[in-house]
Amino acid sequence: MNSNAYKREVAVAAAAEVPEGITLGVGSGSTVDAFIDALAERRIRLTATVAASETSARRLREHGFEVIDLNQADEIPLYVDGADEIDPKLHLTKGGGAALTREKIIASASRRFLCIADDSKLVDRLGHFPLPIEVIPMARSVVARQLVKRGGRPAWRENVVTDNGNLILDVSGLKIADPIAWEKDLNNIPGIVTVGLFALRRADHVLLAGPKGLRRL
Ligand code: 5RP
């Protein structure tokens, strides 16, 4: 099976776990697209959904799900999202789809965060995948210089503007031995909106699909 087939497998398994009648937080990316389709195939009744990207919101609406603003949501019992890298402590790298800011906000506002992925995303240590960082446009160069001082090689993801009107720097070369310390440090650089490290709010559970079948961390 290829990685798309694993994404579909894990998406269907995650959709089967979602309780009816809740407000569901929904992330972004191709695995989440498959998850949204699987929710629709299950004909699940949800009170509402809160989406981490305009793309996910559109897909949810196309399937007939109500999408509400986070400000209208009382409580989000469950958030389901993908990841670019997952370490054994369930710290994540996210932002490959440039939706990291809204993803992090909804993840932080949710009681439970279920991460779904094909098992190629599991790594011993975060940092092989260039770390996405959302930056205020006027701060692109000053933030890039700060990242170089920390050993990173930032690359501007040209032609990408986030749903919040900001830019993305993809940073290679970082040795992320302590993701929590890195997240705290990078959060303090003026001009950075969101760091694609999800360590302070990591996943509560990870569901993976791969050649050995489904497994849960
Ligand atoms: C988007 C994300 C995605 O969850 C991440 O990039 C994984 O995407 P995919 O499911 O397409 O592999 O963080 O900002």
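Cβ atoms here come from the backbone N, Cα and C positions, even for glycine.
K121 is the residue from K121, K149 that TrEMBL records in the substrate site together with S28, G29, S30, T31, D81, G82, A83, D84, K94, G95, G96, G97. Recorded residues K121 (substrate binding site) and E103 (active site, proton acceptor) have their alpha carbons 18 Å apart, per Cα-Cα distance. In the three-state DSSP classification, E103 (active site, proton acceptor) falls within a helix. D81 (substrate binding site) falls within a strand segment according to DSSP. With the fewest other Cβ atoms inside 10 Å of its Cβ, the least crowded of the binding-site residues K94, K121 in this structure is K121. Among the binding-site residues listed (S28, S30, K94, K121), S28, S30, K94 have a CB atom closer than 6 Å to some atom of ligand 1, in sequence order. Rounded to a whole number, the C-alpha distance linking K94 (substrate binding site) with E103 (active site, proton acceptor) is 9 angstrom.
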